[in-house]
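So that you can see what the record holds, here are the features copied from Swiss-Prot:
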| type | residues | note |
| --- | --- | --- |
| MOD_RES | 2 | N-acetylserine |
| MOD_RES | 5 | N6-acetyllysine |
| MOD_RES | 8 | N6-acetyllysine |
| MOD_RES | 14 | N6-succinyllysine |
| MOD_RES | 22 | N6-succinyllysine |
| MOD_RES | 106 | N5-methylglutamine |
| MOD_RES | 120 | N6-malonyllysine |
| SITE | 120 | site 'Not ubiquitinated' |
| CROSSLNK | 127 | SUMO cross-link |
| MOD_RES | 129 | phosphoserine |
């Protein structure tokens, strides 16, 4: 029997592909969709909303991990620790604004010494530098 809805006529059945794979994402679109449905954010959730939100989350995670990896490499470490995440976020203007109220456990603080606390240049040092 050719055509029709039933049976395997013509071509073999295609293997199912996840929405994450269709969108070219690593993060799970199905899980984000489930969390949106169960979170009581709205009565109805469109089909594109979880894909878009998943893409945004994946981008933010990749951006933070890239900067944290750079911070770890600057400190001659091969493993990212919370301190590296803290340094990455606080040294980036946009991420610092986005995550300004977030406390990272074991993150520490940015190294900063107020100008008034630094030692003043002595008169001898300034004279010697002017003579050269």
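Glycine too: its Cβ is placed from the backbone N, Cα and C atoms.
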Other CB atoms, at most 10 A from the CB of the residue listed as 'N5-methylglutamine': 9
Spatial neighbour of residue 120 (N6-malonyllysine) that is closest, considering only the modified residues 14, 22, 106 and their CA atoms: 106
Inter-residue C-alpha distance, residue 14 (N6-succinyllysine) and residue 106 (N5-methylglutamine) (nearest angstrom): 49
Per DSSP, three-state class assigned to residue 22 (N6-succinyllysine): helix
